[in-house]
Amino acid sequence: MNSSLVDAPSPKASVEVQDKKQDKPKSGQDKVDNTFSSSDSSAETSRKLAETIAGLRITSEKIAKTQSNVQDAISASQSLEKKWQKFQSDFDKILNNAIGQIAKGLGVNSAVDEAKFGAGYKGGGEEMTTLEKFKVLGNDCSMKSLARRLRGNKYKNIVILMGAGCSVSAGIPDFRTKGTGLYSQVKKYNLPYAEAIFDLHYFNEVDKTPFHKIAKEMYPDPEKFKPTLAHKFIKVLQDKGLLLRCYTQNIDGLERLSGVEEDKLVEAHGSFLGDGLCGYCNAPCDKDVLKDVLMKGDENGYCGLKCTECDKGYMKPPIVFFGENLPKRFSENHKADMEGCDLCIVMGTSLKVAPFSNLASLVPKDVPRMLVNKELVGDFWDEKESEGGDTNYRDVVELGDCDDTIEAFSKLLGFQNELGVGGKESSTTKTTKEKNLKSEKVSGKKMKVKSVAKALLARKPNGRRVSIAN
């Protein structure tokens, strides 16, 4: 047999040999090759990480550039604001100079200015600029405009000046209304003049009986006389931290009964609710003892309580008679309060009794004022009645019933719940508005002619209560 044929491997054996070769252990070179393959994955990760870092660096540079652009914009805006302020200042100077030249040509002088604008008016070149006037009420002297500003927390130091008109709806008569006012009712006492019933000299030297009779009718009775919407409105302002002070001419004590705190109240003409005092020597008297004597009286109406200190005078409630000084609280607070208020509301007063009548004129020129009254009074300026081109920039004038006006004002302010008023206009309000449309122009013109002269006459340096004749 041919040996070459015997030694040659069969195809099957050849396959087995190849398989065994494949099963041999991996050499060192094989391990290196595998390690290198594994490192390919780490390199890819490193590359991606480097790309991410580069992207963050670019983003950071963009943010820095954006911040720089924003800062440039802010600087440009501030520069524009300064330029605008300078323009306003220059424009006002030019405008004021022109107005001054025109006024000088028309012969306007400081005396006329003071008579028109009230005590303290600076006049001339120191008059308010057009822009300053605009800032007061935005050239909108309406109740709605004032309410919008009050809702926006524009006013936080409000001063109220109130008179007898605020208490009429409580059943207490005012003083000067023809036919129903207190001064009309005292005619039956044959007084030399109506105000004599509250005159200190007349009380001390002539006749006490008329006052005793009227005092019996006027003494506050919580069961009979209740605070009105006007009084409650003041309480709401106090509770909201908006009331600086309430100055009242009223002697009925309804402000106290409504909850107005003592430190927020100045009873300029006194009150029936305090302790009594002698008309001659000012000796004190217990208020309950005095009230008991006054309420009893005899068949002739005499109900006097003689002073045991001086044995000459008679006791009277601590209300301020004509000829008496006003309370210390008035003299100690009124100037600072009027100059420090940011809104003054005058309600239900004729402003005919000095020195109370001068308070509204002490309000700074850049502070708005609101008048709630049946007729135009004092130096208030009703734009609807203005003539000769004069412009009202700060006086909100609402001629009508106090409670009706306060109800409407409270609705604009959102005070309905606190005051307990509904959402619809009352029939009384509608009737009052109809009457006002008829009487507003007539009363406004009459009062405008008389107000300047009366305001000037009312200025008394001694601070005593003085009545100004109609």
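Note: Cβ is positioned from N, Cα and C throughout, glycine not excepted.
Sequence annotations record features per position, and here TrEMBL assigns region 'Disordered' to 1-46 (among others).
Among the features that TrEMBL reports, compositional bias 'Basic and acidic residues' is placed at 17-33 (among others).
Residues or ranges marked as domain 'Deacetylase sirtuin-type' by TrEMBL: 136-422.
Taking all protein chains in view, 12 other C-beta atoms sit within 10 angstroms of the C-beta of CYS281 (Zn(2+) binding site). In the three-state DSSP scheme, CYS281 (Zn(2+) binding site) is classed as coil. Annotation source TrEMBL lists Zn(2+) binding site at CYS278, CYS281, CYS307, CYS310.
Annotated region 'Disordered' per TrEMBL: 421-446 (among others), in sequence order.
Marked as compositional bias 'Basic and acidic residues' by TrEMBL: 431-443 (among others).
Compute the center of the Cβ atoms of CYS278, CYS281, CYS307, CYS310, which mark the site for Zn(2+); besides them, the chain residues with Cβ within 8 Å of that center are GLY279, TYR280, ASN282, ALA283, THR308, GLU309, ASP311, LYS312, GLY313. Long-range Cβ neighbours of CYS307 (Zn(2+) binding site) (same chain, at least 6 residues apart, Cβ-Cβ under 8 Å): CYS278, TYR280, CYS281, ALA283, CYS285, GLY313, TYR314, MET315.
For CYS310 (Zn(2+) binding site), the number of other Cβ atoms no farther than 10 Å from its own Cβ, over all displayed protein chains, is 13. Neighbours of CYS278 (Zn(2+) binding site), defined as other CB atoms within 10 A of its CB across all chains, total 21.
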